[in-house]
Amino acid sequence: MSGTFTKAMARNIFYGGAVFFFLLLVALSFDTMSGLPKSDNRANLTESVLRGKHIWETRNCIGCHTLLGEGAYFAPELGNVYPRRGAEFIKAWIKSQPTGTPGRRQMPNFNLTEQELDDIVAFLKYTSEINTQKWPPNIEG
Amino acid sequence: MKYSSQSVAMPYFIAAIGLFVGQIIFGLVMGLQYVVGDFLFPEIPFNVARMVHTNLLIVWLLFGFMGATYFLVPEEAETELYSPKLALLMFWIFLVAGAATILGYLLVPYSTLAEMTGNNILATMGREFLEQPLLTKIGIVIVALAFLFNITMTMLKGRKTVISIVLLMGLWGLAIFFLFSFYNPGNLVKDKFYWWWVVHLWVEGVWELIMAAILAFVLIKVTGVDREVIEKWLYVIITLALVTGLIGTGHHYFWIGTPEYWQWLGSVFSALEPIPFFAMTVFAFNMVNRRRREHPNKAAVLWALGTGVMAFLGAGVWGFLHTLAPVNYYTHGSQITAAHGHMAFYGAYVLVVLTIISYAMPLLRGRAANDERAQVCEMWGFWLMTISMVFITLFLTAAGILQVWLQRVSDTPMPFMAVQDQVSLFYWMRLWAGVVFAAGLVTYLASFFVKGESKPLIHA
Amino acid sequence: MRNHESPTRALHHSDHGTPLRATVIWVVLIAATIVTWSVGENGGSGPAVVGLLFAIAFGKGALIILDYMALRRAPLMWPLLALGWMTLVCALIGIAYWKGLAA
Amino acid sequence: MNTCVQTLVSPSAAPAVASDGSARRLPGDLAIWFFILAELLAFGAFFLAYAFARANNVELFNEQQLALDRNAGALNTILLLTSSYLVVRAVQAAEAGQSRRAATWIAGGFACGAGFVVVKLFEYVAKFAAGVSLSSSTFHMFYLILTFFHFMHVILGLVILAALWNGARKGRYGPGNMNGIETGAAYWHMVDLVWLILFPLVYVMR
């Protein structure tokens, strides 16, 4: 077929298309940010929750667990662990690690203080109240 | 090799392969921990092994990209590198910083490492793939800027080809989007939202530019097809990649506290994301079929074709498999995600780096191609690694399907750990496939040491 | 920009049809639009009306594809792809509509 | 697929022949047609998503559709069709070697396209004032995603028309150089084409 295919036109379409879709992404992100207050549970973003998030990060919890489905797939989902297990169970569980059962997956003991345990629970509670469009499908995560 | 400064690529490639070996060792450790839970505990807990595994992957791919760039840009620009000394200096800084970071992961408790490295000043650690201490992150930015300066200056004084422009755009994008790793708000939803601006806009955005540019360069060299033709297709492919991939970011915004409309946007655009990968496969095969010369480096051609096929399978097909929101509702964060991640990274980025290494290494060592026997050995490495990666993916997919069924779909869902016990057979099979992969890697390494008569250097 | 000239170009100037043809098509397109609009204004609904709407849409689309986009004289793959897209989209919309009726 | 591979290999191989004996030719640049196909796929997927989401929620869609301004929608259809027509006339003028006359036609096409933008903006202002947003209902979400995505295409199309106008004014296009104007025109017609489905689907079908 005797069509035309020039490099200059291919280049123009690349730049045009890339800029167009990037701007669209920026516009959508802008809309998302302005709509977030309705879904991100920011009303409950207390000092304790922020400290809890810091503990979550500095113990690299995401290296084994998922949080809202993101992370490693070695250990249970924790986005909904608060409604699944409750505050006391979570604290007792963290304190009793590692189980030391031969051949079973082990979680380190992080030697958290009572205050730090409360903070991590506050963070997990806050996380469980984020509107995730009904994910996960059931309480097992 | 046409310009002596291209030789700075050599240490980058060697470091890349060395770190690749480390990555696979830790991969095997984790594979074993999946079935023998207390293996190496408490010396190397799973989260440390995983951090090392994924961070080594990222770092060695970056070494590979930088090596590829140092090799490719002088040749494309038809001029010596602006500053080979700076390139070597940055190599050592990056290597030492990388090694120190990995040692830090292995030797110091993560929370102590965080305190030692200023995480309390600006908290950026503890997020998947962005676990690096603040100092390392700053180091990455400095190395990246020095690298980009060096490359940009080289290009400014020489010929500006489409390949080098696209490559440079990808690299600049890589550096710019990495800056989002410094933004870590307390609001978890925002944190996750912009975390993807690094992760997704890297691997399904700017990295695709880098990959396509490297592939195009190698194809020009090994097929002798007209540059004009290859460059036009390069533009078409990267256009398709960005048109689908940018809004395709939405497939990560389904269940993390973001508005519902992302389910539609993400589903529609990411359903189109296989198209650029498919185009790349067709492109690679076409160029090889139309070749105007028989390049003596058969292995490099094999790697290039392998990149096309495996990227399409891993990123395109396995990505599409679970990208539609109604499917992803059940598969999100399961072993299916792991299956996709393994094959996509291997197919798209591991293979493209090994492609340029396969093409460039003989030239850097002063010959057009390796001896026949060395190439056969290298191709054995390709097939062993590629086929075992296919099996790793299949076993993880099987594990994932069973996991999703028992834990998510069932009317009487089972708890996570109970399900893990149910699927352990697949984890064992994945581990054995991983062992074969390691054997393939050893074979590949051995190919560098196979002696024989080398092909004389020819100039294209 | 590379100036790509094929030797046969000078011989025929009919790639984009004649002004008269374009004008007639425009009149048809506008008339069809008015039909679609009046269906909406009269609150028309039901399978027959929707069938008519998308038959009109398909006809208009075909005119745009074949004449305005000038794919009538392009290699067959291209008009077939575009018309195939139109057919598929209209047919699946029809199926979805029917599914909505049944629900 | 074979044809596509053939295309990939060499855009200038083996000219097929049209019924009147002249060579078949793809107008404009091959690259834009790949772009157009990708765009048609994206729009097509959204149309079907709308249609099937509606099937699960007919009452909501029918009720909220009533609030849309069909007059504005129909006016916009006419504007886009007319604009397309004027651009066809521009291409024909260029083909006849009258690049400057083509510029006038393009200016007309641009004016119609700008009219579309104005009408659409009035429509959006009214909708936003009524509290319509991406998250206010499934119907509103589709209405906004579909029309806004299309709206952005119209704006990009206007930028392209402006560039064509500038080129035509300088006498750049003629029988020997049709690539630029044909490429831009093809994109503009695509914007028209998707609206031809969007209008009955979102504004009228019930």
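Yeah, the Cβs are placed from backbone N, Cα and C, and that goes for glycine too.
What TrEMBL records for this protein:
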DOMAIN    B:1-460  domain 'Cytochrome oxidase subunit I profile'
TRANSMEM  B:12-36  transmembrane segment
TRANSMEM  B:56-74  transmembrane segment
TRANSMEM  B:86-108  transmembrane segment
TRANSMEM  B:134-151  transmembrane segment
TRANSMEM  B:163-183  transmembrane segment
TRANSMEM  B:195-220  transmembrane segment
TRANSMEM  B:232-255  transmembrane segment
TRANSMEM  B:261-288  transmembrane segment
TRANSMEM  B:300-321  transmembrane segment
TRANSMEM  B:341-361  transmembrane segment
TRANSMEM  B:382-406  transmembrane segment
TRANSMEM  B:426-450  transmembrane segment
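Ranked by number of Cβ pairs under 8 Å to the transmembrane segment (B:56-74), the listed stretches B:12-36, B:86-108, B:163-183 are led by B:12-36. Confidence in the domain 'Cytochrome oxidase subunit I profile' (B:1-460), given as mean pLDDT, stands at 96. By the Cβ criterion (under 8 Å, sequence separation of 6 or more), the transmembrane segment (B:300-321) is in contact with the transmembrane segment (B:382-406), since 3+ such pairs are found. When each of B:86-108, B:341-361, B:426-450 is checked for Cβ pairs under 8 Å to the transmembrane segment (B:12-36), B:426-450 comes out on top. Counting Cβ pairs under 8 Å to the transmembrane segment (B:382-406), the top-ranked stretch among B:86-108, B:341-361, B:426-450 is B:426-450.
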